[in-house]
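Novice: Take a look at the following structure, please.
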């Protein structure tokens with residue numbers, strides 16, 4: 001068979017149309033499967049491409065490259081629970097094991113990001129989760145999981161139970177290593193005191209103490225410190241030394257030198273430093289693990305609210321089945337006191353639910369037939385029935401988690417800079433350690449080793465790499481509790497610079513529950529014209545359409561067309577109608593909210609009323625107190641807009657088309673202003689997209705929310721000020737974290753080089769600096 005028809009890696013026959021490729025030795029090579037692609041890419045990424053030049057036989061067939069346990073995750077039925085399909089791309093969130101720092105996250109992002117078919121990878125070192133978007137027709141999920149396992153970071157699809165199991169396993173392993181190190185440290189220190197006071201420096205007793213110290217310190221160096229070696233090896237294998245490299249060099253160097261001194265070489269031993277150093281580092285890792293778990297619990301707690309079982313309605317009556325067995329369109333019953341198992345469309349006449357887990361609002365939410373019910377909502381009153389509209393990864397709560405992870409994927413510039421500094425710092429640290437050793441070897445050889453040990457340990461930039469991720473994760477978690485869903489992570493950097501806030505009227509400053517207050521017929525019967533208006537508004541998501549609900553379902557319009565900022569048009573029984581502003585309908589301006597006209601002229605005027613949100617006046621006052629310019633932009637040209645502006649004491653620009661609103665924003669931006677737009681509705685979508693920062697009310701349409709940086713779940717507009725305060729606090733904490741981390745490293749390095757810091761004190765300082773950053777960040781959760 002021609003070599004062109006064989007897999008370049010294993011020489012197995014290629015399937016027709018195989019799309020698996022890896023660039024090897026300057027050419028794109030055809031491969032038979034995702035397993036061969038993953039392995040060959042790892043070989044290339046590791047700088048070992050010459051393997052293919054000099055090999056004498058093909059690699060092992062890929063049958064065992066993706067274990068059966070991982071291949072099971074390629075099942076479409078199973079993936080429905082955790083893989084979200086977005087066009088040609090699939091998206092999944094994974095829980096990652098052995099993830100200890102930002103350097104680990106960077107390595108994973110670089111490795112997976114280089115795989116053929118992967119569009120985006122983000123690793124959150126604080127929550128220990130990974131979000132990846134990829135083309136599943138080119139790369140199965142099992143290949144991603146296998147690549148992670150090969151790197152030393154086993155991962156599984158994120159689920160609350162899985163996350164807790166992963167945390168428990170990590171905690172158990174770490175506690176065992178820490179316990180061993182702690183016991184050994186106490187024992188070794190007893191023998192070390194003998195050396196400190198000159199009791200065991202000479203003779204058989206001293207040698208006996210050394211043997212005992214070696215026996216106690218060996219399990220610490222070879223077992224307890226193993227996580228540092230594993231991480232360091234992964235980093236070195238990919239040519240990217242991280243913070244575990246100097247730590248590993250320090251521990252192994254001290255252990256080997258002390259072992260040599262013990263078994264015949266003579267010289268100083270550092271067994272007590274090895275044990276205490278490892279113990280302090282593991283203590284720091286344990287406290288970091290607990291702090292990260294606390295910071296990441298928000299998303300897991302949200303998913304825990306979704307039940308695993310549902311009452312499926314069949315011809316034989318309700319029967320309880322796993323939610324995973326449901327299909328779109330299935331009928332589901334939810335009894336009082338039970339939670340909605342998956343997103344439903346209500347088919348009962350009405351219901352009352354508690355959605356506080358989404359919005360933070362304790363008041364019950366009334367639902368009517370056709371409304372959406374969200375997984376995790378609590379049914380408060382009578383039994384209800386609904387039709388399954390979304391499952392698994394397509395549920396709202398899963399979507400919220402995806403958006404939160406995606407927002408954190410967009411690292412602020414400060415975080416990117418910190419990551420770069422931390423990576424480069426390690427290389428320079430190793431150089432400083434080498435120069436320190438040479439300098440002390442020339443000046444005072446007996447102290448050269450322990451001084452170098454202190455330099456390696458004390459100056460690890462752990463705190464610097466944690467400064468932003470820890471604070472950002474805590475900020476996002478707390479914002480989620482306030483009902484803020486942040487879609488663009490870098491938007492939090494914009495908020496402190498905002499100086500102008502523009503509000504929409506209907507559904508934003510007002511409740512958006514418009515009611516028909518009066519109808520004035522210019523010809524014909526008023527009730528009939530209201531029914532015509534209801535037919536024209538049928539299917540619209542604008543709050544105005546709800547005002548005509550009492551007249552709906554009596555007539556049907558054809559050819560309905562939306563005219564943004566003006567109104568709607570359509571045909572009933574061969575007659576063309578227009579519903580909208582006075583100018584759009586060519587009607588006399590009588591002060592009505594909107595007018596109806598046909599080809600013969602105006603037919604009726606409609607007066608609508610809407611209530612101001614209860615918290616709107618207080619919010620406007622708070623924003624003004626911050627020195628912000630606040631204004632109202634609305635497409636409503638009626639006197640109601642002026643009345644609203646006067647009651648709130650803000651400027652009003654009314655009767656604006658979407659293009660007019662956008663032009664208004666552009667003019668402000670050209671004048672040097674940073675603009676926040678708060679809106680709701682279809683007409684706000686282009687305006688939200690054009691603002692420096694945009695916020696859409698959770699009751700708004702999908703289009704408006706898709707154009708915004710932040711979605712406010714629920715109707716409590718006053719949360720804007722609370723979130724603003726939180727973001728400003730988060731910004732202060734990030735600066736505090738950076739200030740501490742930079743000052744610590746700038747001070748500790750020269751002090752350690754001068755020999756003023758012992759190894760155990762260096763370990764304590766490094767651990768405390770990281771814990772201080774994490775503890776400071778956790779203040780955001782209060």
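Including glycine, each Cβ sits where the backbone N, Cα and C put it.
Quick paste of what TrEMBL says about this protein:
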DOMAIN    90-156  domain 'HMA'
TRANSMEM  178-199  transmembrane segment
TRANSMEM  211-233  transmembrane segment
TRANSMEM  245-263  transmembrane segment
TRANSMEM  269-287  transmembrane segment
TRANSMEM  425-443  transmembrane segment
TRANSMEM  449-472  transmembrane segment
TRANSMEM  738-757  transmembrane segment
Novice: Please work out the helix, strand and coil residue numbers for the domain 'HMA' (90-156) from the DSSP assignment.
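Specialist: Result for the domain 'HMA' (90-156), in helix, strand, coil order: 23 helix, 22 strand, 22 coil.
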Novice: Within this structure, do the transmembrane segment (211-233) and the transmembrane segment (269-287) have 3 or more Cβ pairs under 8 angstroms, counting pairs 6 or more apart in sequence?
Specialist: yes
Novice: Among the recorded stretches 211-233, 425-443, 449-472, 738-757, which has the greatest number of Cβ pairs closer than 8 Å to the transmembrane segment (245-263)?
Specialist: 211-233
Novice: Could you give the mean pLDDT over the domain 'HMA' (90-156), rounded to a whole number?
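Specialist: Summing pLDDT over the domain 'HMA' (90-156) and dividing by its length gives 82.
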